[in-house]
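Novice: Here it is: the structure, laid out below.
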Amino acid sequence: MTRPPKAIRERAAAPGAPAFTRPDGRRPDQLRPLRFERHVIPHAEGSTLVHMGRTRVLVTATVEDKVPAWLRGRQQGWVTAEYAMLPRATAQRTPRTSQTGGRAQEIQRLIGRSLRTVTDLTAFGERTVILDCDVLEADGGTRTAAVNGALVALHDAFVTLSNRGQLRHAPLRDAVAAVSVGIVEGVPCLDLCYAEDAGAHVDMNVVMTGDGRFVELQGTAEGAAFDDAELRALLTLARRGIRRIRDAHRRLLGDSGLLPPPAAR
């Protein structure tokens, strides 16, 4: 039988340790309620408003009939992303700025990489799909919510291109999904809200393809390092959560024929 991670053993052994409860009453392995509203911006080729608990991110997909200069003449397209937060997406107003900050740059690169991983860039000619991810309300997990919403918006943009006769072949090779995990009060938890994220001694973002391969792992300890057993516990939680998000994607998008069936593993 696998031993529980060290942090859990120590917490359980602490005299008079109170029962662990999450701010919203969820189990440690439970996702926040997940919902997608599609086609919310009629001018965009694809759009969705993704809800993960109280976190809400609006994602629009815009198709431009051009590619970056370094891709011209190569008969392939490009997928990129931009990320921003509305000033009152957070409890305290975040001032607007004319320049993209370091955090936003990191997040939008993560989103772009994640979607390119599952996209056949030769399928839609020399076109660029820009995924604009705007956080309307932030309660933790904004980057992971953005990835999850971006897949829906990108898919719907490809439906638009298909209807225009502008796809050479199916552009999506697989689904992609993301979730946060962390260790809160010694307990590995799935899909952290802001209060948990702010107090977690380990915080990790995990992006995986629909067939269970990793796209990105971003993990950081704060105040106390974590061991192999704790890392394995977090990755196990992340896999479970991503499977549930993947299943939600397939229920939502499966009828279009553009999202391939899950690969057997």
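Every residue gets a Cβ built from N, Cα and C, even glycine.
Owing to the predicted nature of the structure, the values given are computational and were not obtained by experimental measurement.
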Novice: Have a look at 1-29, 88-116 and point to the one annotated region 'Disordered' in TrEMBL.
Specialist: 1-29
Novice: For the domain 'Exoribonuclease phosphorolytic' (174-240), what's the mean pLDDT in this predicted model?
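Specialist: That stretch averages a pLDDT of 96.
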Novice: Express in Å, rounded to the nearest integer, the largest CA to CA distance found among the phosphate-binding residues Arg103, Gly141, Thr142, Arg143 named in the record.
Specialist: 14
